[in-house]
Amino acid sequence: MGKKRIVVKIGSSSLTNKNGGLSQNKILEHASAIAELRKMGHEVVLISSGAVSAGFADLGYPSRPVTTAGKQAAAAVGQGLLIQSYTEVFKQHGIIAAQLLLTRNDFYKNEQYTNAYATLTELLKRSVLPIINENDSVSIDELTFGDNDMLSALVSGLVHADYLIILTDINGLYNQNPRTIPTARRYDFLEEITDEHLGMTNNPSSSKFGTGGMKSKLLAAKTALSLGVQVFVGTGTGKSKLLEILEGRGDGTYIGSQLAPALKTQKQWIAFHSPLSGAIEVDDGAARAILHEGKSLLPAGVKKVSGLFAAGDVVEIINTNHEVIGKGQVQYSSDELNLIKGMASQDAKMHTNNPHSEVIHRNKWLSMAKEKTI
Ligand SMILES: Nc1ncnc2c1ncn2[C@@H]1O[C@H](COP(=O)(O)OP(=O)(O)O)[C@@H](O)[C@H]1O
Ligand SMILES: N[C@@H](CCC(=O)OP(=O)(O)O)C(=O)O
């Protein structure tokens, strides 16, 4: 097998002892498994939960706190302890660890998203092991990932990973929760995640210390697949567990068919993270050109502009039947576009100081059209 880029997500339930505190033995085992992957030449990004688990006891809480303030305070104490453990343990394997704390906002804002990509790329280039967690202590309630499953999916897309391995306390997805239904059957392989699969995991985490449960893992797997990343959800023991998973001998569920094309970084941002700032209606010729001929959108094809947006924002593109056919990052503001809509590119340039010929360049455009839409 050639060199692969692998994102490994370790959930709270796989890092804690029976009191809910951080288990040093588990950290040691995960680290030795990651070190084995690296020895084989693979690149690894680690998404690790465990900050709340590592911190709550020092704050005087008898058990893992349930309030947001309690969890944020515990994470503020625990994140340092967590990364200290990892740093020391990885050092024994000759691996330098780096800490990155991310929030939802880092994925919404194009500049921050691109920056995160640049930092991760540089760390991997220098053979450093990035260890990522949600920035729990500052995340605003509505913006939090809550659990790290979705964060791991988005990061695996961001770094163009080959695989996302989600390690948890159960060996894969079952058709019912096996903790409550002993006759539940495990899926060894799923080509895709359907609504039926999501329905099998209705209840949230029933492990004591995890957050999202199997449902959030499947939602994350679905996102990772759409970003071109294959997924494994399950468990394992010993230092060879990650290599075994990679070789197809893992104890869990393999998800994906290796067919999804990986989206480039900027297109991922447009597809999954960018806020929508307005809409542009285009004529039939322009719709055909951007949908079927691989062309950019020019001012001549613009019929109507809705909303207030600036150059660099992302807008929806609507056809003459008022169907959304895609979205893209504009090179003109709404004010400029209102001036030049319908004009030939040469005339458009003379009416504004904008040097661009295209309203949306084809590299910053994402089709969302159904088969038959013009
Ligand atoms: N259909 C299902 N198959 C497998 N696990 C399920 C299912 N439905 C619910 N679960 C629960 O999901 C739990 C794993 O999620 P969670 O506790 O959040 O883990 P982590 O801390 O690793 O993120 C399992 O312990 C199991 O109780
Ligand atoms: N960011 C939190 C993780 C929250 C959580 O429990 O996540 P998970 O183990 O993925 O269900 C922490 O570090 O404690």
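Using N, Cα and C of the backbone, Cβ positions are placed for all residues, glycine too.
TrEMBL entries are annotated by machine, without manual review.
Together with Ser49, Asn148, the substrate site in TrEMBL holds one more listed residue from Asp136, Asp162, which is Asp136. Mapped onto DSSP classes, the domain 'PUA' (278-359) shows 26 helix, 22 strand, 34 coil.
In the three-state DSSP assignment, the secondary structure recorded for Ser49 (substrate binding site) is coil. Note on the domain 'PUA' (278-359): its mean pLDDT in the predicted model is 92. Lys9 (ATP binding site) falls within a strand when secondary structure is assigned with DSSP.
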